[in-house]
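*Asks:* Here it is, the structure, as structure tokens.
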Amino acid sequence: MLVVRADYKKYPVPVLEKMRIDEDEFYNKYDACVVVQTCNRIEAYFDTEINSNVDGILKDFQGFDVLKGKNATFHFLKVSCGMDSMILGENQILGQIKTSFQKARELKKTSRYLDSLFLKAIHVGQRARTETKINEGGVSIGSAAVELAEKNFGLANRNVLLIGAGEMGTLVAKALIEKHIKAVIVANRTYERAETLAKELKGMAVHFDKLKEAINFSDVIICATSSPHHILEKKDLIDVGNKIIIDIANPRDVDDSVRELENIELYAIDDLRHISDKNLQSRIEEIPAVEKIIDEEYEVLMKQIEKINVEEVLKEFNNYIEEIRVKELEKAIKLSKTKNPEEIMENFSKAFAKRITHDFVSYSINTSKEDLMNSAWWKNGK
């Protein structure tokens, strides 16, 4: 396996946005691959048994870090457990992996190896969260955004506007429920979704065309849409008074030029990594337990992969035998008009065995003893 990756550890969010993979182009170009993209992570997984042009892949992904083989597999299992996340143990990454895998499968872009890998990673992520406390406190990017707002500005008796009622917005909402907020407003392009989330928060929903009025009313604004373009620009916020805006959307909802406004304090995902986390130490203590699960499941995965490899060899061997059988049978049928059946069957069986022996001898001449002993295709069931 080959992984190309770029994440928050090496690049700030504005750079990651420019590095984002166009998934339509990606899946049109490659087979046996899956791309996983989040607000602070871009990763593409390749089955190199099928994508043999590794140099071509590396050329396409200059600037990305590269992992291969065992290192790539261990990395992905850690990612699924939230051990490689900005917020240790966060739950959202597991859902993002599932969604990415499902998309690749629907496009028929995975392989037997990648299917095994992703199903195993999902299982490992579930085990880690069930059997350990790596996700203690329900941590997420959404909850970190709320913690940032509370720590730096206080949320008591504040009016909060949540823009976006999708997955990320829901995570923010769950964190907001515990806070003593004066009023919560939810804005979303699909009003019904805003209304549903607002009811959970005991707040109010607004139509997107009333966004400016909602901004004027609010003290703190948390942006969490899935819009492909900016929804707030500098011109939209010049005359709205002093506001705190936390943008956790992917890609970003707020144009970076907004930082030039004196009345706006703008925070993005990069700012969340420094937020203190009261449960962090207890989650750090769970790392050895998670690593043990990863080690156990890695061994299981390797056995599954070995089985897949054997099945592939047997499939190729059966195809090879069938090809010889058909060719020799065609010869026997032609001879059946001129020779007796016993002689035909004798010649057929000898030709069949001779062809297999010839191919094996040709293979073994230039093969080391070790490689020859590890070759199973010629053993025919032994």
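Just so you know, glycine gets a Cβ as well, placed from its N, Cα and C.
Okay, these came from Swiss-Prot:
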ACT_SITE  Cys39  active site, nucleophile
BINDING   Thr38, Cys39, Asn40, Arg41, Ser85, Glu90, Asn91, Gln92, Gln96  substrate binding site
BINDING   Gly164, Ala165, Gly166, Glu167, Met168, Gly169  NADP(+) binding site
SITE      His75  site 'Important for activity'
*Asks:* Any idea which of the binding-site residues Gly164, Gly166, Gly169 has the thinnest Cβ neighbourhood at 10 Å?
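*Replies:* Comparing Cβ neighbour counts within 10 Å for the binding-site residues Gly164, Gly166, Gly169 gives Gly166.
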*Asks:* Name the secondary structure element type, per DSSP in three states, that contains Glu167 (NADP(+) binding site).
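*Replies:* The residue in question, Glu167 (NADP(+) binding site), is helix (DSSP, three-state).
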*Asks:* For His75 (site 'Important for activity'), which of the binding-site residues Asn40, Ser85, Gly164, Glu167, Met168 has the nearest Cα in space?
*Replies:* Ser85
*Asks:* Note the Cβ centroid of Gly164, Ala165, Gly166, Glu167, Met168, Gly169, the recorded NADP(+) site, then list each other residue of that chain whose Cβ lies within 8 Å of it, in sequence.
*Replies:* Thr170, Leu171, Val172, Asn188, Leu197, Ala224, Thr225, Ser226
*Asks:* Taking the Cβ of Ala165 (NADP(+) binding site) as centre, how many other Cβ atoms lie within 10 Å?
*Replies:* 26
*Asks:* Of Ala165, Gly166, Met168, which is closest to Asn91 (substrate binding site) if I measure between C-alpha atoms? They're all binding-site residues.
*Replies:* Met168
*Asks:* Which one is closest to Asn40 (substrate binding site) in space, judged by CA to CA distance, out of the binding-site residues Gly164, Ala165, Glu167, Met168, Gly169?
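*Replies:* The answer is Met168.
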*Asks:* Counting only residues 6+ apart in the same chain, whose Cβ is under 8 Å from the Cβ of Ser85 (substrate binding site)?
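*Replies:* Long-range Cβ contacts: Val79, Ile93.
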*Asks:* Rounded to the nearest angstrom, how far is the Cα of Met168 (NADP(+) binding site) from the Cα of the residue listed as 'active site, nucleophile'?
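*Replies:* Each residue's Cα considered, the residue listed as 'active site, nucleophile' and Met168 (NADP(+) binding site) end up 10 Å apart.
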*Asks:* Out of Thr38, Asn40, Asn91, which of these binding-site residues shows the lowest number of other CB atoms within 10 Å of its CB?
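*Replies:* It is Asn91 that, of the binding-site residues Thr38, Asn40, Asn91, has the fewest other Cβ atoms within 10 Å.
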*Asks:* What are the other residues, in sequence order, whose C-beta lies within 8 angstroms of the center of the C-beta atoms of Thr38, Cys39, Asn40, Arg41, Ser85, Glu90, Asn91, Gln92, Gln96 at the substrate site?
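*Replies:* Counting only non-site residues, the set is Gly82, Met86, Ile87, Ile93, Ser140, Ile141.
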